[in-house]
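Novice: Got a structure for you, questions after.
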Amino acid sequence: MSRPGLFITFEGIDGAGKSSHIEGLAEAFRAQGRTVTVTREPGGTPLAEKLRAMVLNDPMDALTESLLIFAARRDHLCQVIEPALARGDVVLCDRFTDATFAYQGAGRGFDLEVLSKLELMVQTGLAQEPGFMRNPDLTVWFDLAPEIAAQRLAGARVPDRFEAQPVEFFRRVAQGYADRAATAPQRFARLDAALDRHRVWQQLTSVFVRRGWLAIMVATQGGGQ
Ligand SMILES: Nc1ncnc2c1ncn2[C@@H]1O[C@H](COP(=O)(O)OP(=O)(O)OP(=O)(O)O)[C@@H](O)[C@H]1O
Ligand SMILES: Cc1cn([C@H]2C[C@H](O)[C@@H](COP(=O)(O)O)O2)c(=O)[nH]c1=O
């Protein structure tokens, strides 16, 4: 019997620890017989990856940034996410629209009403029922103080346009995530991302076990700090 697709997104400020766990979670789902599509935003298709390179590297204003991100999202939804969900895959997506509200909205101060209109336009007209708006089934929010994230990222890689922002920008982004989570508390699962990797992994897997999406607590991931 085929199982319905699951759309799971991962959010948090830069350096919160999302990427450290997504592949482990994909393996846990595969071990239980699921087909998994691992993807990311901005990106996930050849066109969206080109837009990602622009957004992360080229100077632009907040409207241009938002339009490019939503254009990339539309292509990603049409080419990757919707087909994968229609096949019954588990889709694990590193960031989605909550990031736009947190970074462009709260971080850059861009108009939230405009973002809501773009969200509606880009995330409808994709699936069978008219008016259906694609949203994640679950959003895992890695909540971490910006000061700790900055310490973790210090010297780790060449910063892009976002990673180069000051800590005050990330305070606003973190607040943006908190505001967004408050509007959809059933969809969001908050993790305390300040804990060591093993404890973050335990919190993460228990979210999926509680929902009945993973059958057992899966063994350890990563090797601590
Ligand atoms: N629980 C943890 N404790 C300490 N360090 C961690 C923890 N989780 C991840 N790290 C380290 O912090 C850095 C950022 O982690 P990671 O790349 O997973 O974050 P991210 O949320 O995916 O960031 P970004 O969105 O900017 O790519 C990495 O160097 C990683 O090894
Ligand atoms: C989806 C999305 C992303 N961003 C920003 C957030 C990050 O700084 C980068 C992506 O880098 P990552 O290492 O892959 O996390 O893009 C954004 O500003 N708005 C968005 O909608």
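Yeah, the Cβs are placed from backbone N, Cα and C, and that goes for glycine too.
From TrEMBL, here are the annotated features:
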DOMAIN    10-197  domain 'Thymidylate kinase-like'
BINDING   Gly12, Ile13, Asp14, Gly15, Ala16, Gly17, Lys18, Ser19  ATP binding site
Novice: Highest Cβ count within 10 Å among the binding-site residues Ile13, Ala16: which residue is it?
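Specialist: Going through Ile13, Ala16 one by one, the largest Cβ count within 10 Å is at Ile13.
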Novice: Report the same-chain neighbours of Ser19 (ATP binding site): residues 6+ apart in sequence with Cβ closer than 8 Å to its Cβ, ordered by sequence.
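Specialist: Long-range Cβ contacts: Asp94.
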Novice: Out of Asp14, Gly15, Lys18, Ser19, which binding-site residues lie by ligand 2, with a C-beta less than 6 Å from some atom of it?
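Specialist: Correct list: Asp14.
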Novice: What other residues of the same chain, not counting Gly12, Ile13, Asp14, Gly15, Ala16, Gly17, Lys18, Ser19, have a CB atom within 8 A of the CB centroid of the ATP site?
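Specialist: Close Cβ neighbours, site residues excluded: Phe142, Leu144, Ala149, Ala193.
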Novice: Within 10 Å of the Cβ of Gly12 (ATP binding site), how many other Cβ atoms are there?
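Specialist: Step by step: centre on the Cβ of Gly12 (ATP binding site), count other Cβ atoms within 10 Å, giving 25.
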Novice: Other than its own, how many Cβ atoms are within 10 Å of the Cβ belonging to Gly17 (ATP binding site)?
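Specialist: Taking all protein chains shown, Gly17 (ATP binding site) has 22 Cβ neighbours within 10 Å.
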Novice: Within its own chain, what residues at least 6 apart in sequence put their Cβ under 8 Å from the Cβ of Lys18 (ATP binding site), listed in sequence order?
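Specialist: The list for Lys18 (ATP binding site) reads Phe10, Glu11, Gly12, Asp94, Arg95, Val140, Phe142, given in order along the sequence.
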Novice: Give me the non-local Cβ neighbours of Asp14 (ATP binding site): same chain, 6+ apart in sequence, Cβ-Cβ under 8 Å, ordered along the sequence.
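Specialist: Expected: Ala149, Leu153, Phe162, Glu163, Phe170.
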Novice: Please average pLDDT over the domain 'Thymidylate kinase-like' (10-197) for the predicted structure.
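Specialist: Taking every residue in the domain 'Thymidylate kinase-like' (10-197) and averaging pLDDT yields 96.
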